[in-house]
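Visitor: Pasting a structure here, questions to come.
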Amino acid sequence: MADKGKKGKAAAPEPQATPPPGDPKPEDKKDQEPKKKEKSVQPQDEVGTRKGCRRYKWEFKDSNKEFWVMGHAEVKILSLGCLIAAMVMFTGTTVHPLLTLIITMELSVFCFFFIIYTFAINRYMPFILWPISDLLNDLFAFIFLVGAIVIAVKTRTSMPTHYFIAVVLIGVAGLFALIDICLQRKHFKGKKIKRNVLIPPPPREPKAEKPKGPEKPPEKAGEKP
């Protein structure tokens, strides 16, 4: 009987299960998702805080821009072309061995500097003063090529046409090296030499000690302060 009475009455709705307090809402989950790191704004004229591939891309572009805009690349390419043409002209004739040695040496040195500046290797070796080393290379290249012309003229009594053209090309390559010296001077404009760099600083004076106050007599054990 008791069961029938219970069936007749409308069953009370069961209470809905409340979500546990620890589970956040889906909207909160979206807010808690880690945001993608935005690239920091970097200066255009300086490397800034770039690292890895970003730094190499910037160094590669800046090195090539400086190398081609200032005229170093064009001058070195012309020097290389003249020396290669001179080597071709000397084939088939008897040439002093010093001539071939000087030409091959200068070809290798010009190629070395061309690769260094093109691939921005100099930016990762700041302990070498590259403008000064390039300036010294151009100076010695000019001296060696002038010496090669003197050797080429003195070792031959008669000069065929192709031999004479090769000697002229060596002189033109030396002239381009001299032009590159003038272009290297732009790196040193506005930079003053610091004077008295090697002079040690003056010794510091010892600090004056503060005068101590009069010493208090030691208190006896029985006396109160």
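Using the three backbone atoms N, Cα and C, a Cβ is placed for every residue, glycine included.
All TrEMBL annotations are machine predictions without curation.
Copied straight from TrEMBL:
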- 1-48: region 'Disordered' (REGION)
- 24-40: compositional bias 'Basic and acidic residues' (COMPBIAS)
- 67-189: domain 'MARVEL' (DOMAIN)
- 75-92: transmembrane segment (TRANSMEM)
- 98-120: transmembrane segment (TRANSMEM)
- 127-151: transmembrane segment (TRANSMEM)
- 163-183: transmembrane segment (TRANSMEM)
- 195-225: region 'Disordered' (REGION)
- 204-225: compositional bias 'Basic and acidic residues' (COMPBIAS)
Visitor: Please report, as numbers and ranges, the same-chain residues at least 6 past the borders of the transmembrane segment (98-120) whose CB is under 8 Å from any CB of it.
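Guide: Beyond its ends, the transmembrane segment (98-120) has Cβ neighbours at 56, 59-60, 62-64, 67, 72-73, 76-77, 79-80, 83-84, 86-87, 90, 130, 134, 137, 141, 144-145, 147-148, 151-152, 170, 173.
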Visitor: In the same chain, which residue numbers or ranges, 6 or more beyond the ends of the transmembrane segment (163-183), come under 8 angstroms Cβ to Cβ?
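Guide: Beyond its ends, the transmembrane segment (163-183) has Cβ neighbours at 70-72, 75-76, 78-79, 82-83, 85-87, 89-90, 93, 103, 106, 134-135, 138-139, 141-142, 145-146, 148-149, 152-153, 156.
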Visitor: Mean pLDDT, the domain 'MARVEL' (67-189)?
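Guide: Averaged over the domain 'MARVEL' (67-189), the predicted model reaches a pLDDT of 91.
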